[in-house]
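K.L.:
Pasting the feature list from TrEMBL:
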| type | residues | note |
| --- | --- | --- |
| COMPBIAS | 224-236 | compositional bias 'Acidic residues' |
| DOMAIN | 13-463 | domain 'Major facilitator superfamily (MFS) profile' |
| REGION | 207-289 | region 'Disordered' |
| TRANSMEM | 12-35 | transmembrane segment |
| TRANSMEM | 47-68 | transmembrane segment |
| TRANSMEM | 80-99 | transmembrane segment |
| TRANSMEM | 105-125 | transmembrane segment |
| TRANSMEM | 137-158 | transmembrane segment |
| TRANSMEM | 178-199 | transmembrane segment |
| TRANSMEM | 304-321 | transmembrane segment |
| TRANSMEM | 341-362 | transmembrane segment |
| TRANSMEM | 369-390 | transmembrane segment |
| TRANSMEM | 422-442 | transmembrane segment |
């Protein structure tokens, strides 16, 4: 494979990976605004909403390691993606069928299996990118999913208009998201077949060769380049985590040069001998067991535990709020599919803005400061939800009093500064009254008590 062909295949492969994560975000955002009312049409209890939403994540959690192991053993990521996408297609078609609440629960379990391929994809990205470009590749992939979360609710604006039959199946605003995503994953299968290649792992020698070419163009000395290449070749064979025999201290990172030459060219063969305090080789643990113990002990470090706890708690709160918000908006605000879709779309814009803010902030302060700021915002929002959302009818009176208080503050401030400009002061008053008059004219038919509105609509529904 020549360089031009490799770059072309890599470009199309990464584009296809972006499509996969884009659709995963779209699927989540398309189904979430309508799934609560869908379950209500199937006479499901409220707790069933949590079961259905959790089922998707559960199957993905269980199958992710299996797909990852399969990818590590075979390196055939393309086959894994094609296999996993079949579960996405089947699961979404089951969601479209929707004969019962149990079929709906099973559909999300089946579709969630397809998300397990994400571990294989990240493994592929790790093998096919250099350490310098890896973080950028991961960020781009996750950005594609966030873009899917942003544009996903917009599809419901059109899907809610569906009202027809396909054979024995009914296509309406509740079943249409399943059919839509089934078609999308089917099209993705074609894209994976045509535009995805299992690229060979990135050869570090080639990466250094391109870097060497750049250095040569910049006028570096040929001998220096060759010496750097030789040193790098020696470094490639060293493990990241050194054992007691080679490093002198457990878990230390070795930065020594290959035996036989130090920085001055003298022999450093003594570096390869065990330190005086080391145990005899036969009494020491095998290298593999040392690496395994070191790997597990990494997760027990204080800072790692804190970060894992932060990830768990924030995602727990996020998904819990997402599950609760649609029943709450239906109960207190009579939101339908359109209103919920617009709300989630606006939430997607907020999420994107939040990522941009974090990226800007992380370039100016330490990561732990970013974490502290985010945790502070989460605590403030949590207290706000606890005070106002726990009892929304108390909440309504609070909004009314806040609006009235704001008016009594701004009114005197406006008039106090315009005592010599009566036309401007009174003109603003008339402009506000004109605005209120137009709002009243457009909303006059809706300005009735909820009980009266139900009594008016009842005869129409009966007829």
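Backbone N, Cα and C atoms are what each Cβ position is placed from, and that goes for glycine too.
Thinking about packing and proximity, how do these listed features fit into the structure?
P.N.:
Remote same-chain partners of the transmembrane segment (12-35), defined as residues 6 or more beyond its termini with a Cβ less than 8 Å from a stretch Cβ, comprise 49, 52-53, 81, 88, 92, 95, 111, 115, 117-118, 121, 124-125, 137, 140-142, 144-153, 155-156, 159-160, 173-174, 177-178, 180-181, 184-185, 188, 191-192, 195-197, 199, 322, 326, 337, 340-341, 343-344, 348.
For the transmembrane segment (80-99), same-chain residues at least 6 beyond its ends with a Cβ under 8 Å from one of its own Cβ atoms are 20, 27, 31, 38, 42, 67, 70-71, 106-117, 120-121, 169, 171, 174-179, 181-182, 185-186, 188-189, 192-193, 196.
Long-range Cβ contacts of the transmembrane segment (137-158) within its own chain (Cβ-Cβ under 8 Å, at least 6 residues beyond either end) map to 14, 17-19, 21-30, 33-34, 121-122, 125, 129, 173, 177, 180, 337-338, 340-345, 348-349, 351-352, 355.
Long-range neighbours of the transmembrane segment (341-362) within the same chain, counting only residues 6 or more positions beyond its ends whose Cβ lies under 8 Å from a Cβ of the stretch, are 29, 32-33, 143, 146-147, 149-154, 156-157, 160, 325, 329, 335, 369-370, 373-374.
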K.L.:
Hey, would you say the transmembrane segment (369-390) packs against the transmembrane segment (422-442), going by three or more CB pairs under 8 A that are 6+ residues apart?
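P.N.:
Stretch pair does not touch.
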